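S.K.: Below is one structure. I have some questions about it.
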């Protein structure tokens, strides 16, 4: 739902996210078109029901039970709020996974976006070769989510890895960073930041939309490069920053693959990479506590909904829409 | 080709002094080095002997050792050829499923008028932000109760959702694209006697090719790289896809597996890399039009 109020950041002024014809007035539904509409929509509708809605309701129900995959449905016991109570009051590893996930998102996402914006500013000039750089910087975003790259990453920050050989050039003795509870999560943050290319491409598209006259006007008024950045670039880019921030934060909360690979599916060392989704996976599919895992999933869903709502409600104070739309 | 894609928005501004632009180039090249280093290191290590992996800290091997590739290929009871076949099959069928089902849904949203359309569209947008991890437990339970998990053909739980347009990003991308197709074409076809199906078949489908290609590329790469769902739904070794098989290397903690593990990692990224080289511009433009992530 949330996105209905977000303009497509790279297409200023082409209208809000909405099916086309609603802008043309509702009009009469042509004979037979209503039926055709549902015929074309039917795969999606079946998917919405069978793959999304029913599983969501099932998981809500299961979250109040002690269901594990081994007992038959008929013997499932209703436990009321016990799963939720356990999560909040007597499950330190749940709280720990919340802390790990929050610190991952709070540190990695802003740094990734800062890197993306910085590089986009460097590239935002018409000159030959910009396309080449843009492509090269985008490459990690395509590869970075894979198991293969996570494997490479873990080895790179291991004792004999490339990072320690780099440190050795400066006479610094490294350590097996991925086995150190104080540093394991940080190596995953670096992996996330390394994938700055996707938000960078979106920033670049946004920068192209900033009218040159604004810089000229600011320059005539005596504003230096820094003031131009603060007073022209940042406000004009704020819808794109907002868009990237929402998307990257939600993605950041869902980090799974790299944490799984680093810890071989345990969340270690000493739970330091126990991302929320990894904890959910372990609870549901290793410990088979599917009722409890369902409760964890629902809390996750509600948390993400609340965070998105906070973004959108605070966004109106700092996101500037130059065409006045949606405000 | 690449240079022409960039509109020169600031061409009218005075050129900066030469030294500044040199500085910028040096900074950019440094970033290129950081971006590419892990990839080159990965390829270099995959050609190092076991001894060199421990002792040679350089980027490239002193002695070129392709043996890791043959060792890795046959490292488990099932050969990697099988894993690659499984991955390719799942990815290609996902491409077909997404292209067909999302196009149908997008046509309904973009062009047809029917009751509750606004509400369904809002619901579709709502599912854009729905984390897949939230649904995995109940989906697993449902597919298992239908006998589809670990069944005769264990890929159904991975593929059924893809044939039901559950990847809302692609529906959204195609709706956005179809909004750019002039409605006059629909009207012309309608005057010629075409109904909603005829317009879809003769106007929208042929004109939607660019959106279909973008969808196909992203859906291939995402599925090829996907790990979470494949980890959950595939349970026997011969059914494994490449990402799940790669994690088997981590289980065998012995140092001797590092070379083969890197070799197979390189191979697993090869298709994505080929796509990147072939469709680089399209991929970059693709995330621009929809904001979707690579």
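We number each residue from 1, going along the chain as drawn.
Cβ from N, Cα, C; glycine included.
Bear in mind that TrEMBL entries carry predicted annotations, made automatically and left uncurated.
Below are the features listed in TrEMBL for this protein:
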| type | residues | note |
| --- | --- | --- |
| REGION | A:1-28 | region 'Disordered' |
| TRANSMEM | A:38-64 | transmembrane segment |
| DOMAIN | A:98-311 | domain 'ABC transmembrane type-1' |
| TRANSMEM | A:102-123 | transmembrane segment |
| TRANSMEM | A:135-156 | transmembrane segment |
| TRANSMEM | A:183-207 | transmembrane segment |
| TRANSMEM | A:228-247 | transmembrane segment |
| TRANSMEM | A:295-319 | transmembrane segment |
S.K.: Among A:38-64, A:102-123, A:183-207, A:228-247, point out the range having the most Cβ pairs under 8 angstroms from the transmembrane segment (A:135-156).
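M.R.: Counting Cβ pairs under 8 Å, the winner is A:183-207.
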S.K.: Residues of the same chain, at least six outside the transmembrane segment (A:183-207), with any C-beta under 8 angstroms of its C-beta?
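M.R.: For the transmembrane segment (A:183-207), the sequence-distant neighbours (Cβ-Cβ under 8 Å, at least 6 residues beyond its ends) are 9-10, 100, 103-104, 107-109, 111-113, 115-117, 119-121, 123-124, 134, 137-141, 144-145, 149-150, 153-154, 157, 175, 177, 233, 236-237, 239-241, 243-244, 247-248, 252, 255, 258-259, 262-263, 268-269, 272-273.
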S.K.: Under 8 Å between C-beta atoms and at least six residues away from its ends: which parts of the chain pack against the transmembrane segment (A:38-64)?
M.R.: 76, 78-81, 83-84, 290-292, 294-295, 297-298
